[in-house]
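S.K.: Annotation source TrEMBL lists disulfide bond at 3-30. TrEMBL lists 3-118 with the feature domain 'CUB'. Marked as domain 'LCCL' by TrEMBL: 120-216. For 223-380, the entry in TrEMBL reads domain 'F5/8 type C'. According to TrEMBL, the transmembrane segment annotation covers 443-468.
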């Protein structure tokens, strides 16, 4: 009468004293006999141990024995408040007896322990939670029987579970492990969230939880996708039922709650049976064998119709003729799945191991008012493979439970049932894989043509890119005064625009003429050259450069006294800063653009060294003073009436000097020059 929560699985289990975690009653006793398959040993791990030791383990204690029966030998006798037992207690054989004795005491919670085979070195108990581990990811083995009433969990999948939740109980809720079998869990720790939802799944209720610093989730095989009820991938013709509810409403219109209405999250009424008894069913044809890992159900989802199914069985078949009821391994009874507790909430149940079948049937056993539900199936495609080899371990025996005597027969029956459902030994269809000679030739030809075509297209693309790049670069390199390509009258006419009569050097380099070059210059050649055809465009006046005056000038040459080049060289002083002076456009009667201004030094006047600047153009009116050996510089442009030194040229097209009101003059830009000059 001292046995508390107990689940004895074939490879693992959980056992606790009566009334745990509250104080155990006085004068109680319980004995557990655990038997594994031959060749294996048992390991025992305590999650909590709190037994009164006031009489030195005389009346209250826990004793562990090797073996079962009168020939068993004692491994150890334990008692104490808050006793911490590090490590595992390991047996020498596949059989272990655990005996709990509770004498007269006033306190003490008793104990909770888990067992498994010795190959599960990462065994934990049902009381462990994520906060007990510091690793961001770890694997642990959960024993069977971790759905315990005194443990809490908060959260759900896929969002995660609060770090204070029991790891193994959360694993059962998530459908990762079975409560009757236990199993391996792969836990991943991550940052917590402000709010944890609650849900009902696999007979475990998850509560709403507040903010936590961390949460955990489980790594799974990924076979938990929806199979097509909600999305419509399963057509209406493949959803059938035993009966359909039909009834007229107040307006006389007949309402039919057909089986195709049983789609999860579909707006409107659900499927409902015409008669509410245990012989009704809803059947889904998946069109081919699939791996079914779970089911989600809801009630009617209509507030005015409070209908839902609270418990049901699952049947499956390959031909819709012979049906098998789902049972958990080692159990001789059909598994009864917990359904809904109200009409809106989604309740999930997982199948461990999964069901491999084409036809799936739900048989309601309990309901509220009427049988009505909406469903969705979870799973994935089924790949054919060899069925795993299953061994039959001996069951553990509870001395106080006479039903465990038939455990072996029940386990064999359940394994046979599961083997009948996993029909995976299909004969594969063998296809001819020999390649004919014609196919081989085509393959070889394609292997040659494809690279050639790729190279050809690549070359064409490169040519087009290069041509486009060259064209853009050509446009960018055109000079400011160059002729547009589409406006050139001819090649030679355009080329003459770029060929001066005398080549010049860089604009910052002073030009010097030898005495032989000066002697060949004729001062009066300039007016004759000015009468030639005017150019369409002008080129910049290069300061500091003196060349012979060539044709197409837009300005009238200087008249008056011809200065001799035998005078002091006015170009001996280098010019450090030069501004280009440009001519303004010609009059309307003339060409569109003006050509460069060319200075004729033979007609320039001389001035004293004290004069700061001399204009390069003739003024209307008085003749210029004679040229004296000085530095010639451009006159600073000024609009002030006080500048008496400003000299202006006569625009092209005027017959001669006129009145000041009739003439418009070109004013050269100001150029700042150094004051010092160097004599030759």
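Numbering starts at 1 and runs along the chain as displayed.
Cβ coordinates are placed from backbone N, Cα and C, and glycine is handled just like the others.
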S.K.: Out of 3, 30, which of these disulfide-bonded residues shows the lowest number of other CB atoms within 10 Å of its CB?
M.R.: 3
S.K.: Mean pLDDT across the domain 'F5/8 type C' (223-380), rounded to an integer, is what?
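M.R.: Summarising the domain 'F5/8 type C' (223-380) by its mean pLDDT gives 94.
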S.K.: DSSP-wise, what's the residue breakdown of the domain 'LCCL' (120-216) into helix, strand and coil?
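M.R.: Computed counts for the domain 'LCCL' (120-216) are 11 helix, 38 strand, 48 coil.
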